[in-house]
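*Asks:* What follows is a structure written as C-alpha cells; I'll ask about it next.
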Amino acid sequence: MTTSQLHIAFLAFPFGTHATPLLTLVQKISPFLPSSTIFSFFNTSSSNSSIFSKVPNQENIKIYNVWDGVKEGNDTPFGLEAIKLFIQSTLLISKITEEAEEETGVKFSCIFSDAFLWCFLVKLPKKMNAPGVAYWTGGSCSLAVHLYTDLIRSNKETSLKIPGFSSTLSINDIPPEVTAEDLEGPMSSMLYNMALNLHKADAVVLNSFQELDRDPLINKDLQKNLQKVFNIGPLVLQSSRKLDESGCIQWLDKQKEKSVVYLSFGTVTTLPPNEIGSIAEALETKKTPFIWSLRNNGVKNLPKGFLERTKEFGKIVSWAPQLEILAHKSVGVFVTHCGWNSILEGISFGVPMICRPFFGDQKLNSRMVESVWEIGLQIEGGIFTKSGIISALDTFFNEEKGKILRENVEGLKEKALEAVNQMMEVQQKISRF
C-alpha cells in the first residue's frame with residue numbers, strides 16, 4: 001500500500017448543518033494539494049445524498065456511506081433518538097476507514113473529523129498512523145465554553161467568569177448541553193467527552209476569523225489548552241444548485257434598497273405556532289416588505305387571510321436561496337435563529353440581524369451579535385411577540401441606533417473579506433498536515 005500519494009479522510013457529523021461545512025473545507029483546501037490527492041468523505045447515506053446534491057460533481061472526492069444505526073425495516077428516527085443511534089454505530093467508522101485504504105491502495109495522510117465526533121475517534125489517527133485534525137464548525141467563544149464544562153457546572157450563580165473571557169457571562173447564555181444536569185444524554189455526553197479529549201488533536205480548526213474575537217484572551221486560552229488552533233473562516237457555504245422556483249430574487253429586484261426583512265430559522269428549528277402568529281401580526285401591522293422562509297407545516301399557523309392581505313408587500317416560500325437573498329441590495333435586516341452559519345452569512349453580506357435563538361450555541365451567538373459585535377438585536381423577552389418585533393423593526397428602519405448597527409456590520413463585512421483574502425496562507429498550512 002502506497003504512502004506517496006495523499007489520501008485525506010473527512011468524517012462528518014450528519015445532523016443539522018454540520019456535514020456541509022466539512023465538505024466546504026474539502027473544497028477550500030483542495031486547490032493547495034496535488035491534483036492526484038484522494039479525499040474520502042465519510043457520512044451517513046441520507047446526509048451524503050442531501051449535501052452532494054447541492055454541489056457540482058466532485059471527481060476527487062470518494063463518498064463512503066456509514067451506518068446511521070437504524071436497523072433495516074425500522075422507522076427512521078428523528079432528533080435525539082437519531083443522534084443516539086448514530087453515536088452507537090460510530091465504532092464501525094474505524095472499519096470503514098480501513099476498507100477505504102484497502103479500496104484505494106493508499107494510506108491516509110491525515111484525518112479530519114467534525115469536533116463533535118472527536119471523543120469517539122480520538123484513537124483513530126494514531127491507529128491509522130496519520131495526524132488528526134478536529135473541525136469546530138462554530139466560533140471560538142462557544143468552543144471555549146465547552147472546554148470549561150466542569151467549571152461551569154460547578155457554578156451556582158446566575159453569572160460566571162470563564163477563563164479567556166474578560167467579561168462575565170450569564171448562565172442563560174451558556175449552551176444547555178454544558179449546563180445539563182444529566183451528562184448521560186447523547187448530546188451533552190458527546191460534547192463533554194469531546195471537550196475532555198480535544199487537546200489530543202494535532203490541530204483544531206474553526207470556521208471563524210480573528211476579527212470576531214474582540215476578546216484576545218479567548219484565542220490565547222484556546223492556544224494554551226489545545227495543540228494548534230487555526231481560524232479558517234468565514235467559510236460561507238456553497239450556494240445551492242436548486243432553482244429559485246419561488247422567484248425570490250425577481251421579487252427582490254422590485255423592492256427599494258435595504259427595505260426588505262428576510263426571515264429564516266434554519267432547517268432544524270420549528271417555530272411555535274404562537275410565535276408564527278406574532279410575527280405575522282407584526283409584519284402586517286408594519287407593512288414592511290418581507291420574504292419569509294416558512295415550511296408548509298408552519299404556514300397552517302398563519303392568521304386566517306394573512307397571505308391574501310400581505311401579497312402586495314410580502315412573500316412566503318417553503319425554501320429560499322439564502323445566500324442570494326442576503327447578497328441582494330434590497331435586504332435590510334435578517335431575522336434569524338443565530339445558527340453559526342447564518343451569522344457568518346449575515347456578516348459576509350453586511351446584513352444586520354434580529355436574533356431569536358433556540359438551542360445549542362445560539363444564545364451565546366445571539367449575545368455576541370448584540371453585546372460584543374453590536375451588529376444586531378436580541379428579540380425582547382427571548383420569544384417573538386407582536387410588540388417586540390415591531391420595536392426591533394422600528395430600531396432598524398426608523399432610529400439612529402439601527403444606522404449604527406448597520407455601519408458596524410458593514411465594517412465586519414470588510415474584515416471578513418480581508419480574512420478570506422488572507423486565508424490562502426492558513427489553508428496552505430492546514431493542507432500540509
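In case you wondered, yes, glycine gets a Cβ from its N, Cα and C as well.
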*Asks:* Do you know which of Thr97, Thr104, Thr137 Swiss-Prot groups with Ala320, Gln322, His337, Trp340, Asn341, Ser342, Glu345, Asp361, Gln362 in the UDP-alpha-D-glucose site?
*Replies:* Thr137
*Asks:* Within its own chain, what residues at least 6 apart in sequence put their Cβ under 8 Å from the Cβ of Thr137 (UDP-alpha-D-glucose binding site), listed in sequence order?
*Replies:* Thr17, His18, Pro21, Leu22, Asp114, Ala115, Asn207, Trp340, Asn341
*Asks:* Taking the Cβ of His146 (anthocyanidin binding site) as the reference point, list residues of the same chain whose Cβ is under 8 angstroms away and which are at least six residues distant in sequence.
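*Replies:* Within the chain, His146 (anthocyanidin binding site) has Cβ neighbours under 8 Å at Pro175, Val178, Leu191, Met194, Ala195.
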*Asks:* Can you check what DSSP calls Ser342 (UDP-alpha-D-glucose binding site), collapsed to helix, strand or coil?
*Replies:* helix
*Asks:* Other than His18, His146, Gly360, which residues of the chain come within 8 Å of the anthocyanidin site, judged by Cβ distance to the Cβ centroid of those residues?
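*Replies:* Here the non-site neighbours turn out to be Ala115, Phe116, Thr137, Gly138, Ser142, Pro175, Glu177, Leu191, Asp361.
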*Asks:* If one looks at the chain holding Gly360 (anthocyanidin binding site), which residues at least 6 apart in sequence have a CB under 8 angstroms from its CB?
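*Replies:* In sequence order, Pro175, Pro176, Glu177, Gly339 meet the Cβ cut-off.
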*Asks:* Sort Gly360 (anthocyanidin binding site) into helix, strand or coil using the DSSP assignment.
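*Replies:* Once the DSSP labels are grouped into three classes, Gly360 (anthocyanidin binding site) ends up as coil.
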